[in-house]
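These notes concern the structure reproduced below.
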């Protein structure tokens with residue numbers, strides 16, 4: 001017989017164990033925010049953090065996102081608030097609500113909100129995510145290697161697809177709440193309805209180049225699902241028996257090593273982990289397996305590895321799981337091969353359901369270049385990047401094609417049979433972002449993050465012929481890891497009677513002084529004057545620019561110096577073979593959205609009726625490759641359109657990005 005005090009003590013300890021997950025996961029404030037509201041019921045919303053408030057707060061995305069993140073944080077860090085804001089907040093007084101029923105409504109709402117954090121399956125999903133995070137950090141490694149694991153985007157994509165689908169099918173009543181939690185955990189912002197529908201799909205296909213860890217990544221997914229999700233049934237199908245056997249043994253080994261406290265059995269190609277009331281199982285089979293079949297099974301997750309090489313008879317059996325509402329089928333395979341019978345999944349590219357994800361080193365616009373140009377091994381738009389552990393060069397290409405014609409494009413690069421003859425280097429997305437998304441560089445909130453050095457590149461031209469070259473001038477600064485265009489000029493001499501050196505220098509100085517007037521935070525102006533045409537004129541231009549700036553502004557002015565024939569440093573820059581590297585660097589950053597224009601951009605020589613950014617875009621669109629005897633160079637000249645301005649912008653960004661501070665000196 002137990003005493004009353006003992007019963008109470010045991011009950012409290014039992015409840016503490018049962019709801020431990022709730023205390024770990026839920027950080028919802030239970031303090032009632034008592035404030036009066038004076039609007040109609042249809043305009044009222046109720047949240048744990050704000051209490052009763054006006055529904056327009058749902059449209060204030062930063063506020064709503066902040067509340068959701070705070071809701072799921074396990075260890076809240078103290079927030080830093082500006083003293084002025086804190087003082088103003090303390091001055092605000094809220095009238096208490098006159099209706100006492102509001103507090104009881106809030107309490108009931110909060111209690112219903114906590115249901116998610118008490119749900120056993122939610123705690124299982126949260127445990128899966130915690131274990132995966134520990135594995136990524138290297139905490140499950142017993143051999144002293146604590147290096148973090150860096151996942152590729154396609155691996156993160158697979159992980160998100162798996163856990164989202166399980167959450168939606170296992171907890172349909174709380175699906176939206178679970179999804180809000182998972183978007184926070186995976187740090188996915190701006191998730192729209194279309195993205196969620198894609199994640200909820202029953203079937204997804206991932207085509208990835210070889211040697212990228214497709215099968216390697218499947219092992220921890222199966223292991224942690226078996227350990228955390230009670231009653232889950234997983235199926236794994238490989239194209240060959242030895243592959244499925246290897247994966248099974250890897251899963252068994254990892255489970256026994258990482259979860260020694262669990263009861264793990266491996267019998268008849270099925271791994272089982274015993275939980276308190278139910279078992280979690282994973283079945284491993286191959287399309288040639290006569291002893292273990294997936295027929296008649298019921299899976300929550302079915303993974304089909306190297307799907308392109310699965311026997312057609314076995315494939316029809318796999319497709320039989322499509323009508324099963326609670327089954328997620330993941331097809332994972334090498335990207336492509338030259339044989340149409342082993343590349344049939346590429347047909348899903350035209351599917352309206354967005355079920356196909358393809359990883360490739362080359363985009364569709366430039367796939368043809370790998371065949372046309374002998375040493376080409378990368379996408380010329382430089383939008384797609386290969387991992388550091390993958391080494392691809394001309395020797396790899398030649399060797400692969402010697403063994404098997406077309407093997408490089410199909411087996412290594414992940415390309416598909418492509419008839420596209422487009423050779424566009426600049427993407428539409430990059431053009432649109434450059435044209436419409438511009439920073440206000442006089443905004444006080446942005447200024448602390450802007451670079452304090454202004455780089456000016458000047459490419460002088462000594463002609464008044466507007467059909468020929470003009471003088472291109474570009475002023476560039478930095479914002480974190482991005483580049484901002486502060487000013488641009490495309491100057492043509494009015495006549496050959498004009499003193500060209502003086503006119504060009506005054507044009508550049510006028511632009512620089514205007515930029516400094518608007519942006520007084522600059523501490524140094526670094527000027528690069530191209531001297532390929534006339535070195536003597538370049539030196540004279542440098543002297544005139546310095547005289548003009550120092551007469552009007554108290555700021556340090558330095559020039560890029562190059563040794564002349566007598567090894568004496570002169571204030572000019574000789575453009576050489578680095579032009580190719582500079583253009584490639586520009587294309588990569590432009591297509592990645594790292595180059596922006598200032599809203600307060602300065603330009604005196606481009607017509608008032610013409611937007612300078614649109615003017616620059618016309619030249620940017622003209623950038624194209626020129627291949628002569630397997631040597632690749634770039635040009636933006638087309639018909640009557642010159643490339644002076646864009647070359648100045650490209651070189652200014654290239655010099656700005658490099659470690660060339662030692663080359664800048666005063667004169």
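Going from the start of the chain as shown, residues are counted 1 onward.
A Cβ is built for glycine as well, from the same backbone N, Cα and C atoms used for every other residue.
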Quick one: which of 208-215, 216-223, 224-231 does Swiss-Prot have down as motif 'Walker A motif'?
208-215
Which range, 289-294, 295-300, 301-306, does Swiss-Prot list as motif 'Walker B motif'?
301-306
Using Cα positions only, nearest of the active-site residues to residue 644 (active site, for nuclease activity) (306, 459, 530):
459
Which bits of the chain, at least 6 residues beyond where the motif 'Walker B motif' (301-306) starts or stops, bring a Cβ under 8 A of a Cβ in it?
162, 165-166, 214-215, 218, 222, 225, 232-239, 243-244, 247, 294, 318, 321, 327-334
With DSSP assignments reduced to helix, strand and coil, which class does residue 459 (active site, for nuclease activity) get?
strand
Can you tell me whether DSSP puts residue 644 (active site, for nuclease activity) in helix, strand or coil?
helix
Structural state census, the motif 'Walker A motif' (208-215) (DSSP three-state):
2 helix, 1 strand, 5 coil
Given the active-site residues 306, 459, 530, 644, which one's Cβ is surrounded by the fewest other Cβ atoms within 10 Å?
306
Model confidence over the motif 'Walker A motif' (208-215), averaged pLDDT:
80
At the level of the C-alpha atoms, what whole-angstrom distance separates residue 459 (active site, for nuclease activity) and residue 306 (active site, for ATPase activity)?
54
